[in-house]
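Visitor: Just lifted these from TrEMBL, have a look:
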REGION    397-418  region 'Disordered'
SIGNAL    1-26  signal peptide
TRANSMEM  36-62  transmembrane segment
TRANSMEM  74-92  transmembrane segment
TRANSMEM  162-187  transmembrane segment
TRANSMEM  208-233  transmembrane segment
TRANSMEM  239-258  transmembrane segment
TRANSMEM  278-297  transmembrane segment
TRANSMEM  303-330  transmembrane segment
TRANSMEM  342-363  transmembrane segment
TRANSMEM  369-391  transmembrane segment
């Protein structure tokens, strides 16, 4: 059956194999590290912060490695290394080992994502890039949801054996994903850059850096569900605490059902710019509704939270599709890995500081903090058109064209639009 899978389906399957185990481990990790690994909450937070800092600086060089050595080969190696690091969590019995393993895990994860995005650009190309990314994100959410549900068994057991099993399953998922990526048609390294083009072009690309910074602001929305809203709902509203789960399920199911549909509609740069602007407006409106959900009756708070959650996921769907189209389109043909690594550095930076920043802004300040965040989302999308136009005026090389079907080896690996 394997030869019948198109390259797109293999990419999606590889992603699903990774995320199911990751969802289970993420659900159990805090309890495992504190109960079995012997870490305090402060040590765990510090170690993860150090690992995130490492992740912020490795995206570009590892993405560049994917460009120079071939994205498929580098993706396979880094995903396999991710599996080794995931298994390394079994050895954590104190802070030094935890920091070492967490840094290896985060670095390989950031690098593998940049390599996989370069692989999608080179293997799929053209209009299908956003659709493929949307499919990957859709199955990622499904896999994380299934993994998180499966982790409940380990949480109920609470034994070292149960937690170790989750870690092993997570590591095996990475190894299986690497094996699936290895079955893809080989993708050669990118051609050499013109002599007058700098090797590290992304660091001299002002408009792309500005767009990445704007994207980092919008990326702050990703921590709302897991970190901020549980605290907000329990401290500021009269809604049932079950709303935390309801909003999480609403978000996950919506991404699984609608991300591909949204992605297939973002096919031009003007359309991507419009979607990006609408995403900021949706996220800003969601922040306003979250703010007014405080202090009302249980029914009113519940309705406002549901409306805010719906707007939040709409903004999330739009910003994902729009940012994929813009970043892939603006990246030079031979530097997709380098550029995707840089874009992910912006995301990693946001994820490093978002928990502390938003906890202070939204939980300590309360409703006014939501208005500040909503205003930041709106301001971040206002200059999108101007920034993209600036970037298009300064492009030195065209984006990578969609590969012809004849370029895919005759092994049954035809491109599948389904």
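Residue 1 is the first one shown; counting continues down the chain.
Here the Cβ of each residue, glycine as well, is placed from N, Cα and C on the backbone.
In TrEMBL, annotation is done automatically, which means it is predicted and not curated.
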Visitor: Do the transmembrane segment (36-62) and the transmembrane segment (342-363) come close, with at least three CB pairs under 8 A (pairs 6 or more apart in sequence)?
Guide: yes
Visitor: With CB pairs under 8 Å as the measure, which of the listed stretches 74-92, 162-187, 278-297, 342-363 comes out on top against the transmembrane segment (303-330)?
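Guide: When the Cβ pairs under 8 Å are tallied, 278-297 comes out ahead.
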Visitor: By Cβ distance under 8 Å, which residues at least 6 away from the ends of the signal peptide (1-26) in the same chain are close to it?
Guide: 79, 82, 86, 89, 116, 119-120, 123-124, 128, 132, 135-136, 139-140, 142-148, 150-151, 154, 166-167, 169-174, 176-178, 180-181, 183-185, 408, 411-416
Visitor: Please figure out which one of 74-92, 162-187, 208-233, 369-391 racks up the most CB pairs under 8 Å against the transmembrane segment (342-363).
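Guide: Out of the listed stretches, 208-233 contacts the transmembrane segment (342-363) most.
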Visitor: Considering only the recorded stretches 74-92, 278-297, 369-391, state which has the highest number of Cβ pairs under 8 Å to the transmembrane segment (208-233).
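Guide: Answer, by Cβ pair count: 369-391.
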